[in-house]
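Novice: Questions regarding the structure given below will be posed in turn.
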């Protein structure tokens, strides 16, 4: 581009025929390249700044309780968790698992080692011993106080990595940064991760997003399945940390089943899910409080049946290469029929034998009204009540407006295993969060990822429009060329046009009957033929694209308005997050007051 090229007929003025560059075109190309490099550099810097801001604030926003009350553990459950950690450090893991605490559930007492999820205690004890071995003299109390804030930084990174996997092409880096910004200060995540709140969820959320990231990472290419080992290890840690591990297991199982049933079977998916389930379950059964529950609990039977579904899908894939089309269709029907009957018969037999128990009270509470779970203790807890609508605005602010758009985009456009997972994750977590207010915690990472994917694409579009503001002032599209240069190019076009043959009988390339017929058809199409409209609804997207491509002013105006709205929404989100962080950092077992002297 930028050089006159002959058409193989006639002759052009010497200065064009020799390939003299068109000055304005060359300048336009150089200007566009310069703007592109500036835009790339500006976007890279903004992403880095956003990431640094997110990681710093993911830690500092949770320190309000420490700044006001000091390095103290607050709330009731965190105090018990600290006592358990202290016993583990003082007596070792063998005595920990046989410890009967007479001070808990008084006067009955409690066998601690077999009734708690010990992952958090082992994590705190390991960090405490490692820091002291490295020469850092810290107390166990301080380690337990700061673990929730520290693990929030790790959770922010893994959540951003999920968004990067789900985003498309050039939007990956921006989606990574935007998701980190959201997750770092999202109140739905802060609610269980403030400093001093040494509770299971403070490390469990990190384990959840780590498991999900390694899972979708294992599905990226046909050779990515070994990452499923990392997903299984993260899941094993999740089992040891919190009873919500059943959600993680079923979420991965639902995703794998959706891919199998949608006809998107690959050997990489088969290997990844087999590794995840077998290794993850092998780790889970070694947690004392869990035991053989993964193989005897009704709510965990689904992923086991998905493993069977994977075997059937592998069999079908193998036979498809050996059988003809008609024979394969008949074979597939037989496999589907017998597989379904066998699964149903096995489920009925297991339940009748008593080897598999029914749904737990908490799980039943997700599908029936909370007042009818059958367990008075579960029904009486405020966290187990249904979620009111205003809670979503309270814990998500404007993020709840953008997250559905991102989930729909992941489900409908350019589907991939990662994008399908994000859509399913948001849908399922949204349903459960509506049933039990406590599970708003699970919706936090899903909303951050979905909103990050959507806003990442929007931010890149706004940056692209900002980098091409010259289009508004240059209606000719020559990138700000001078009037004399635009006139020079116009003369070149006229010279080329005049140099072409007239297209008479037996004419050259540019004329002839074919050209006249094409012009006639174009006029007929433009006029719509006898006054009838030729518009079709399926052409609407193309017409919209063409309209915006030809109207730079409209695009820039929409981009400016969108930017203003996002800046306003972002400020509102940051302010609400800081207010909520302070409110949720107020201990329930500590109060502040003024002395008589003021």
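Counting starts with 1 at the first residue shown.
Backbone N, Cα and C atoms are what each Cβ position is placed from, and that goes for glycine too.
Source: prediction; values computed, not measured.
The following feature annotations were taken from TrEMBL:
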| type | residues | note |
| --- | --- | --- |
| COMPBIAS | 485-497 | compositional bias 'Basic and acidic residues' |
| COMPBIAS | 503-512 | compositional bias 'Gly residues' |
| DOMAIN | 47-449 | domain 'Oligosaccharyl transferase STT3 N-terminal' |
| REGION | 475-534 | region 'Disordered' |
| TRANSMEM | 145-163 | transmembrane segment |
| TRANSMEM | 175-195 | transmembrane segment |
| TRANSMEM | 201-217 | transmembrane segment |
| TRANSMEM | 248-267 | transmembrane segment |
| TRANSMEM | 274-295 | transmembrane segment |
| TRANSMEM | 301-317 | transmembrane segment |
| TRANSMEM | 337-359 | transmembrane segment |
| TRANSMEM | 399-427 | transmembrane segment |
| TRANSMEM | 557-574 | transmembrane segment |
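Structural setting of the listed features?
Specialist: Tertiary proximity for the transmembrane segment (145-163) is limited to same-chain residues at least six positions away from its ends with a CB under 8 Å from its CB atoms, namely 51, 54-55, 58-59, 62-63, 66, 71-73, 120, 123-124, 127, 175-180, 183-184, 189-190, 192-199, 202-203, 205-206, 209-210, 212-213, 216-217, 418, 422, 445, 448-449, 452-453, 456.
Among residues of the same chain six or more beyond the transmembrane segment (201-217), those with a C-beta under 8 A of the stretch's C-beta atoms are 119-120, 123, 147-148, 151-152, 154-155, 158-159, 161-162, 165-166, 189, 192-193, 224, 227-228, 230-231, 234-235, 237-238, 241-242, 244, 247-248, 251-252, 255, 272, 276, 417-418, 421, 425, 441-442, 444-445.
Outside the transmembrane segment (301-317) by six or more residues, the chain places 249-250, 252-254, 256-257, 260-261, 265, 267, 269-270, 273-274, 277-278, 295, 331-332, 335, 339, 343, 347, 350, 356 with a CB less than 8 A from a CB of the stretch.
Using a Cβ-Cβ cut-off under 8 Å and counting only residues 6 or more beyond its ends in the same chain, the transmembrane segment (337-359) has close neighbours at 296-299, 301, 305, 308-309, 312.
Counting residues 6+ beyond its ends, the transmembrane segment (399-427) has Cβ neighbours under 8 Å at 162-163, 165-166, 168, 182, 186, 212, 215-216, 219-220, 251, 254-255, 258-259, 264, 269, 392-393, 443, 446-455, 457, 569, 573 in the same chain.
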Novice: Could you tell me the mean pLDDT over the domain 'Oligosaccharyl transferase STT3 N-terminal' (47-449), as a whole number?
Specialist: 89
